[in-house]
Amino acid sequence: MSSIHDLTLASARDALKARKISAVELTNAHIDAIERLDGQLNSFITRTPDQAREAAKVSDEALAKGEGGSLCGIPLGIKDLFCTNGVRTTAASKILGNFVPPYESTVTANLLKDGAVFLGKLNLDEFAMGSANLTSAFGPVENPWKRKGSDVKLVPGGSSGGSAAAVAAGLVLGATGTDTGGSIRQPAAFTGIAGIKPTYGRCSRFGTIAFASSLDQAGPMARNLQDCAILLESMAGFDPRDSTSVDTPVPHYEAALKRGVKGLRVGIPKEYHVEGMPAEIEALWQQGMDWLRDAGAEIVEVSLPHTKYGLPTYYIAALAEASSNLARYDGVRFGERVSAPTLDGLYEASRAAGFGDEVKRRILIGTHVLSSGYYDAYYLRAQKVRTLIQQDFLKAFEKVDVLLTPTAPSGAFAQDEKPSDPVQMYLNDVFTVPASMAGVPALSVPAGLDARGVPLGLQLIGKFFDEETLIAAGHAIEQAAAFHYRPTIHAGVSA
Amino acid sequence: MSYRITGNTGEWEIVVGLEVHAQVVSEAKLFSGASAEYGGEPNTHVSLVDAGFPGMLPVLNQECVAQAVRTGLGLEAEVNLFSRFDRKNYFYADLPTGYQISQFAHPIIGKGKVLVDLADGSTREIGVTRLHLEQDAGKSIHDQDPTRSFIDLNRAGVALMEIVSEPDIRSPEEAGAYLRKLRQILRYIGTCDGNMEEGSMRADVNVSVRKPGETEYRTRCEIKNVNSIRFVMMAIEVEAQRQIEVWEAGGTVDQETRLFDHVRGETRSLRSKEDAHDYRYFPDPDLLPLLIEQSWVDELKAALPELPEAKRVRLEQEYGVSRYESSVLCVEQAVADFYETVARGADARLAANWMLGDFFAALNRTGRSIEDSPVSAEGLRELLGLISNSTINGKIAKEVLEDMVETGDSASAIVERKGLRQVTDTGAIENAIREILAANSDKVEEYKSGKDKLFGFFVGQTMKAMKGKGNPALVNETLKKLLSE
């Protein structure tokens with residue numbers, strides 16, 4: 001082994017259990033890496049090295065006794081959308097100020113219960129609203145990947161861009177993400193890592209700051225699907241504090257890796273051949289089909305006829321909910337307050353100062369689509385279309401077991417190539433949004449590099465609560481793709 | 001007689017609908033585990049959910065749902081097995097999340113009815129449009145500091161039932177009777193304590209006026225948050241008067257929200273239709289649609305207590321009391337229960353008489369309620385038993401009851417202690433009467449010459465001489481006999 005940073009989460013877990021390394025050693029190595037590299041990447045908003053070292057010590061004590069949960073001593077980063085007890089939680093927004101929650105989100109509590117060590121809170125688009133991690137009040141995150149022969153700064157995708165960058169650069173062994181319309185999958189693809197958006201209701205939303213409640217779903221991001229499977233098994237589960245959480249047993253996801261894809265029917269939605277998609281993305285997609293066919297799967301063309309309505313309906317449904325979810329950030333009870341002589345003045349000043357432009361834009365759109373006179377034309381119609389989109393998937397899943405698509409219509413773009421038209425930016429989510437709208441699980445695995453040396457991902461979409469089949473199919477791609485590339489900025493010495 | 005207001009252009013009819021906000025009796029709030037108890041130091045009954053902290057989610061309290069269903073059954077209403085919670089969005093400092101969770105499009109309870117009793121003995125049926133569950137807001141306190149307002153979130157998130165009536169009410173009296181009957185039903189079922197002083201029942205009053213015979217409704221105004229039955233009745237009257245004046249002056253009534261100022265006896269505009277909030281209702285994505293089972297509704301129905309209307313009819317039939325007596329006894333369940341305890345094993349009609357008369361008077365005098373009555377039902381029954389078995393007469397019984405209230409002693413103990421046992425010895429009665437007649441020979445002459453009214457005088461004198469203990473029937477009988485001698 002050339003470096004502690006070459007360990008995957010699974011191999012680190014095994015090394016810890018075997019006492020080949022200590023949790024303190026592993027944690028310190030990651031804290032060092034963060035100190036060395038994160039000044040440039042800016043993937044952390046809040047670092048918690050002291051707490052991490054404390055937790056690592058406790059982990060070592062447990063491991064010495066042959067005890068400790070499935071993640072005992074594993075250093076993770078937490079997207080700063082999860083409330084963490086006693087640790088500042090910002091949602092990458094100024095409006096929360098120095099808000100320190102007196103409670104722990106269910107997802108992070110589950111990870112802690114299994115012994116995970118938290119290195120800090122990871123950067124994201126403000127309130128998870130963005131696809132490039134350019135809207136954070138704590139500055140943009142830089143993608144650790146570089147184009148061949150270029151030093152231009154690339155975006156890590158969004159909104160879980162900090163999580164993606166930190167995992168890709170080896171600053172953490174895994175991270176939590178949240179996915180509302182692609183916020184785990186697209187940044188995973190942009191940074192050459194794996195990420196799973198589980199079925200809506202699989203992970204509790206309790207204690208996770210809401211963007212769009214009917215779409216938000218937490219999920220794991222890590223270097224490969226085995227690591228994601230281990231994390232997901234810990235994160236998932238029924239929570240009586242979230243009424244939309246589903247009470248169904250959590251399978252042993254890691255075991256699904258070995259299932260293989262023999263006889264699996266893989267659907268190729270023809271509507272995903274969108275106009276203007278780069279040839280190399282089309283080629284990668286074809287490559288994915290070939291890999292799965294070679295591994296024993298059957299490739300079947302399917303139709304998801306309402307795909308083209310996915311983005312517009314998503315931006316109505318999600319923003320309607322967001323406009324209401326973000327009403328609580330009013331400067332009255334917590335977070336930043338800008339004083340004013342009247343209550344309305346206080347609201348206006350606090351929200352004007354606290355929210356960034358993209359969040360304001362989305363609150364305005366969301367408020368508009370719910371307004372009297374527009375509700376039927378926008379919100380209600382979007383809900384109907386959402387049902388049609390879900391039916392598309394249900395029909396397709398009568399014929400096939402999983403769907404294969406590209407994760408994003410391009411590889412990571414440069415920070416200064418950000419489209420000036422916000423709608424252009426929204427197109428990043430064109431392939432990821434429909435699964436979110438339907439609530440079905442989906443994942444992204446790294447599958448190759450584009451001509452400029454930037455990673456590209458493939459997306460698999462599965463049936464409700466059938467993450468296992470997704471993981472099995474994803475692992476087949478992982479094995480065929482043998483994605484062994486490293487980003488330019490990486491903690492490991494062999495980078 | 002229909003209620004009419006006479007204006008300069010003749011008679012006007014009023015049309016009223018009421019939206020009653022009734023606080024659900026429950027341990028915890030509608031969507032959080034915080035206590036729903038009234039009072040408490042400010043901000044002590046508040047969970048992070050109630051305070052709208054980031055990432056907090058509502059979880060429906062099933063007991064509040066059961067209470068709404070029970071109430072619906074009490075209103076003989078449709079129970080919707082599918083209902084849904086919506087967000088009503090508006091900004092206010094005592095609304096932490098920026099939205100109230102309510103049921104807008106799909107309420108849990110549909111059409112029902114309330115039968116109201118009017119003073120002239122008639123009854124009217126007032127339709128209930130719907131009942132839905134929603135959260136209460138917190139309280140803003142503006143008078144503690146010259147520049148700042150304070151917020152108390154104890155009430156924030158407490159479950160309310162909004163009970164909306166049809167515009168079936170045609171007079172202030174009917175509005176009052178509707179509210180009293182509704183409160184009575186809620187109290188019987190135990191779903192709302194109906195305490196208007198503590199704000200656990202409040203009403204929004206929709207008022208319009210029209211000429212008798214008109215079939216369309218004219219524009220209505222909504223008077224917000226009226227917190228007593230009397231004020232509701234007053235508000236209707238003054239608002240109707242105001243609208244009549246507007247119409248008669250050639251103007252039109254604007255749809256608006258108004259406040260009732262009971263000190264000045266007027267309503268004032270709060271906000272016009274143009275300023276009305278756009279609440280942007282939409283289904284709350286944090287909550288699943290509320291699906292309930294018919295079998296569960298049936299269980300709740302089977303466990304409902306006897307309702308006021310049924311109880312009134314039963315008491316009439318079972319105890320032979322009048323409709324009036326029965327309805328008074330049934331106003332509160334505790335009174336009816338008390339009555340039934342007394343009436344079982346006593347003269348039931350006598351029991352009604354005494355409860356409505358001397359017993360209620362004693363409660364009023366001592367400021368006590370039926371729950372902490374100074375005289376128990378068993379004690380009252382014993383007293384009535386002493387009347388029925390002629391141990392004491394009615395007049396003495398009043399004195400005994402007063403003593404019971406004062407000392408807490410039993411009726412028989414008091415009768416013994418004071419020697420009040422009534423005299424049924426005809427010899428003793430005859431002796432007493434002879435003495436009275438001898439001392440009033442002039443009156444005896446007058447009586448005999450036809451002044452019948454004097455009979456009462458002789459009864460009174462005899463009872464007085466016997467310190468009230470003479471058996472009234474025997475005294476009458478003996479007097480008649482001796483006067484005719």
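Residue 1 is the first one shown; counting continues down the chain.
Each Cβ is built from the backbone N, Cα and C atoms, and glycine gets one as well.
From a predicted model like this one, the values you see are computed outputs, not experimental measurements.
Copied from TrEMBL, the annotated features are:
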{"type": "ACT_SITE", "residues": "A:K79", "note": "active site, charge relay system"}
{"type": "ACT_SITE", "residues": "A:S159", "note": "active site, charge relay system"}
{"type": "ACT_SITE", "residues": "A:S183", "note": "active site, acyl-ester intermediate"}
{"type": "DOMAIN", "residues": "A:25-470", "note": "domain 'Amidase'"}
Query: If you average pLDDT over the domain 'Amidase' (A:25-470), what do you get?
result: 96
Message: Taking DSSP as the reference, which of helix, strand or coil describes A:K79 (active site, charge relay system)?
response: strand
- prompt: Between A:S183 (active site, acyl-ester intermediate) and A:S159 (active site, charge relay system), how far is it from one CA atom to the other, in Å?
  reply: 5
- prompt: Just the number: how many Å between the Cα atoms of A:S159 (active site, charge relay system) and A:K79 (active site, charge relay system)?
  reply: 10
- prompt: Which residues does A:K79 (active site, charge relay system) neighbour through Cβ under 8 Å, counting only same-chain ones at least six apart?
  reply: A:K121, A:L122, A:L124, A:S160, A:G162, A:S163, A:A175, A:T176, A:G177, A:T178
- prompt: When a 10 Å sphere is centred on the Cβ of A:S183 (active site, acyl-ester intermediate), how many other Cβ atoms does it contain?
  reply: 37
Message: Around the C-beta of A:S159 (active site, charge relay system), how many further C-beta atoms are within 10 angstroms, looking at every protein chain?
response: 35
